[in-house]
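The active site, proton acceptor feature in TrEMBL is assigned to HIS68. Positions annotated as substrate binding site by TrEMBL: PRO163. According to TrEMBL, the heme b binding site annotation covers HIS193. As annotated by TrEMBL, Ca(2+) 2 binding site applies to THR194, ASP246, ASP254.
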Amino acid sequence: MAGTSPVRIVLVVVFGVLALIGSAQAQLQMNFYASSCPKAEQIVLDYVKQNIPNAPSLAASFLRMHFHDCIVRGCDASVLLNSTSGQAEKNAVPNLTLRGFDFIERVKSLLEAECPGVVSSADILTLVARDSVVTTGGPFWNVPTGTRDGVISNITEANTNIPSPFHNLTTLLTLFSNQGLNLTDLVLLSGGHTIGISHCPAVSRRLYNSTGPGGIDPTMDSEYAENLKANKCKTASDNTTILEMDPGSRKTFDLSYYSLLLKRRGLFQSDAALTTDSTSLAFINQLLTSPPQFFFDEFAKAMEKMGRVNVKTGSEGQTRKQCALVNN
């Protein structure tokens, strides 16, 4: 190395690092399976189109499952793993109401029959989430593939990192920023609640144990709250009643969710939190005053960004033979 300029050494190191970053990104690409399993994405789409119209609420479930996967250890299908000791991500409190694991496994079996050991469960989950939303009339977004499956799934990490319906804006932003996501992403990804459903435990605290009259959260529209107490969550201990997150418009992927936020009719505390910041509030107003396609386009960008969170590529992780089990 004698006589080598320090500047040159630095440049070599810098470009070496950039080359590594570029290599990792190159391994995540559109149509990654074009050569190794050319029918892969069509097989996923065909199965979704055959089955989601009969169970459209699964679109929201897969959107939520995809988010819960990415926010813990990155998008590596760790949320799909089983644990004999009940210590996997799917055993965490936020994931106990996830649905559709068997659906994902059936898609996996179709792809294993076509191309054994090629298509990752992580890519399957992302594609199913996107295709389900599109099939029910929601926005399309690009899904670069080539993601590898993780081999670790930890209940504590899920309980710690998945945003809660009870979180305020500061906590939500911290959890999002930990994954490289920002306030704009938070507002947009929350828009998926337009097709969401929940259960009374996620809101009973706002209805029965808050500081307003009758125990109602003063940040919630009182008429909306009283209606929920009278017709849905009739007791504070109701654990089963299903609630629409976008009442009257739940089956349509639209801007109604954001309109409800401005009327103080967001179901969760975390929904209401989006209106407590001037920047997020301004963005919500921008979404509502723009053509609907603007929301679709911005939501698509946020989904693609989320789909790249801490992904494993190349020789990292593995490609599971079954989504619920690490390969032996």
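Each residue, glycine too, has its Cβ placed from N, Cα and C.
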Listed in sequence order, residues not in THR194, ASP246, ASP254 with Cβ within 8 Å of the centre of the Ca(2+) 2 site Cβ atoms: GLY191, HIS193, ILE195, SER249, ARG250, THR252, PHE253, LEU255, SER256, TYR257
The residue listed as 'active site, proton acceptor' and THR194 (Ca(2+) 2 binding site), distance between Cα atoms, whole Å: 17
Among ASP246, ASP254, which are binding-site residues, the residue with the most C-beta atoms within 10 angstroms of its C-beta: ASP246
Among HIS68, PRO163, ASP246, ASP254, which are recorded as recorded positions, the nearest neighbour of HIS193 (heme b binding site) by Cα: ASP246
Proximal but sequence-remote residues of the same chain as HIS68 (active site, proton acceptor) (Cβ under 8 Å, at least 6 apart): VAL79, GLU89, PRO94, ASN95, LEU98, ALA158, ILE162
Surrounding CB atoms that lie within 10 Å of the CB of PRO163 (substrate binding site), all protein chains: 21
Count of other CB atoms lying within 10 Å of the CB belonging to HIS193 (heme b binding site): 25
Distance, PRO163 (substrate binding site) to ASP246 (Ca(2+) 2 binding site) (CA atoms, angstrom): 19
Cα distance (Å, whole number) from the residue listed as 'substrate binding site' to ASP254 (Ca(2+) 2 binding site): 23
All-chain count of other Cβ atoms within 10 Å of THR194 (Ca(2+) 2 binding site): 23
